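Feature list (source: TrEMBL):
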type	residues	note
DOMAIN	8-111	domain 'HPt'
COILED	87-114	coiled coil
DOMAIN	128-245	domain 'Response regulatory'
MOD_RES	Asp177	4-aspartylphosphate
DOMAIN	254-370	domain 'Response regulatory'
MOD_RES	Asp303	4-aspartylphosphate
DOMAIN	414-547	domain 'GGDEF'
DOMAIN	558-790	domain 'EAL'
Amino acid sequence: MQDSRQPQTSKTEELKQIFLGHLPERLAAIDKSWQALDAHWDPILCARLYHQIQDLTGASGRFGLLEISQEVFSLETELGQFVDSGLRPNETELAELDQQMARLQQALSTVCARHFNLAIPSQPTDEAIYYLRHTEEIAPGLVAALEAKKCIVLTYSRADDLLAEMEKRVPQLLLIDTVHLPALKSITDAFEQLKKQQKPVPKLLFLSRAKELELRLQAMRAGAEGYFVPPYDISELADRIHTMTEPDEGPSYRVLIVEDDPAQADFASAVLRKSGIDSLIVTEPLKILEALDQYRPDLILMDLYMPDADGIELTSIIREQPQFIGTPIVFLSGEQNTEKQLDALSVGGDDFIAKPIRPRFLITTVINRIQRSRMLQQTQKPVNSRDPLTGLSTRRHFYEHLDSLLLKSDPSSAGLGVIYLELDIRRRGGGSANGQDADDLLRQIGSMVSGSIEPQDIAARYDERTIVVLAQRPHINNLNALAEQIREQIASHRFVIGGREHRIIPNVGLCQLDDSLFTASEMLSRSANAASSARATGINQVVQFSVKEEPLDEDSSDEALFSHISHSLEENSIQLLFLPYSDTQGGNLEFHELIPRLMGSHGESIPTARINLVAQRTGLFQKIDRWLLEHALSVLDQRRQQGRPTALIIHQSMESVQDTSNLSWIREQLRLRQLVGTGIFIEFDLADLAANLKQAKSYIRSLQEMGINVILSRFIGNETAFKVLGFLKPDCVRLSKRLVKAKQDKIDAITGQLQKRQIKIILPRIDNPSRIPKTWEQHADLVQSDFFSA
């Protein structure tokens, strides 16, 4: 059976990888904001940091990263009180915020280590990379990328600290930011001491902030084996550095020697062998193609003059083979005629070595040619960033590039914007285009968009009917002009496919970068909302998202909020909060309540009551319930693989109980993940179920048969409520807030009956834990952890 989760799971995993890839940079941005705020408390800086943290809270929860979600939500809760009040924290509160930042950094390290399958030892090993960097990171994300390749990276900000560590343990590679060039002499002196002690000397690499020749010369004179300048492709840079840390395992270079004189061939082979270079001798020139296919050399060393076929003829034949078009060919010859040497080079030769062969010259030429060839191959490595249908960028490449720009950009600088082209494809005379026609149309539109943008812009195929453009212009008016140009070009063009004319109605939305945007998802969501507004109003022009618009509130139309919720479900952009609970009975499960949070256009949290009202009116509850349950099961699956037993509490609606297909869907989700229901606690509102107790009882029993625990919330403890419990037989109840103020005798009576029925007690969520009587705390089975209660 085909896995129905695959498309959404694949997209979620794709976004998760992007999120993880930028996680170190995201934390660095938060840390930078915190340092600025700590130095000078300012309400605007505080609000900006709060929104950065709020976004990280929801995103880490959405991707099941509980450790980060818990710590960052704690920070969000603590900081939120100062955003709301506008007050400055006192010294004690500042110290607590600083400690929470430190805990967040530790949580990030834990997640990165687990994600990259890396166990960082307490002591460095001889294969470590020591990185002498500046406080202002020159290549954000490089350390995480190297750790992903199982490199052990130890970072230092002072040369003295690095030298002290080198006295204890010598790394395999030393990576230095060129801002530390003034301390280079002390490092090279340490290298000289290592040589005198006959100890291995680390490879030396530099990261530069500029392309100044003077800096490169200083590095080269110090013995640098690598020097990298901006702009940095972090993935490629990590690959290059990682390659230099790999130990040599046997001959690393392979040379095919084509020489009709066995003595000359044996001599060249012996010279190469002494330098650890493997070789294969071919004395019959006509067998060269067979040898090439079997041996796959890094370089061909070939005599220029041989019987049957000379070197020039063989080179022409070799260069006709696509797989060997870049393999270096070096000629062995005593030929002194410059014209004949040029003839040999013109057909694809790379160099000449004069006979008689000088060993040192042979080794140097071979190694240099092979290394240069390998570097060229690395720089020409194809990147799968193009959509095969349209030739535009892929959605993933677009997300990565936009996220990277958002992390680096100064929000105060205008000019960066996303244009969202929602294409309504219609046949002339009525009807919609079929699949093949739609693909052909999208291909034409992709070419049209590509021709309208500048080389530095990126256009991507976002989905089957959407193209997005990332552009940077001096002013928002220039972005508007570009969006309008594309809209007008598409709307006015006659598209003819298979002899039939098609009309394209482009609904175009534009979102410009501002200081409330921190992720690609947010920016795309805003531009998509603007495009939806263009479609809803029917105006034939570009709609720009405006920060002056009021956010969704009680007066917003149900249709607008319905559209926002639906789009958020499709794009998987609903945030998830993990609220930890403590099991007073000391069980081995980590308990969390999973709460969805939907953000409005300005980063405001849309009230749950408002969402529930619209979901009930529009029939969205079932989709929301399934989305939440599917994410909960995915998190449980991840935690199981990590060996961390976890239980999650999620809320579901009466609409799911009434859906006859829901139980079979849940069974299928459990089967696909090879999970039993244990670990899921589904919470229903007791008042909702009272409308159809018979149906609710059957549904609850089916859930319990799958191993799923059932909670009934807003339990008020009266006679009717206990009768309902006796009929439905849940596993737990969450007390109504009305019971918090109950007198002692009533508390004793309620807890006594619940314990007699073996029903667990969960305390209500409450802002001030001091309001909960100690008796309730003593009888409760699950209570909110301290940080959430606080």
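Heads up, the Cβ atoms here are built off N, Cα and C, so glycines get one too.
Not measured: the values here are computed from a predicted model.
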If you count other CB atoms within 10 A of each CB, which of Asp177, Asp303 wins among these modified residues?
Asp303
Take the coiled coil (87-114) and find every residue of the same chain, 6 or more past its ends, with a Cβ under 8 Å from one of its Cβ atoms.
20, 23-24, 27, 30-31, 34, 38, 41, 65, 67-68, 70-72, 74-75, 78-79, 120, 144, 147, 642
Whole-Å Cα distance, Asp303 (4-aspartylphosphate) to Asp177 (4-aspartylphosphate), is 46
Mean pLDDT across the domain 'HPt' (8-111), rounded to an integer, is what?
76
Tally of helix, strand and coil residues over the domain 'Response regulatory' (254-370) according to DSSP?
57 helix, 24 strand, 36 coil
Under DSSP, the domain 'HPt' (8-111) has how many residues in helix, strand and coil?
92 helix, 0 strand, 12 coil
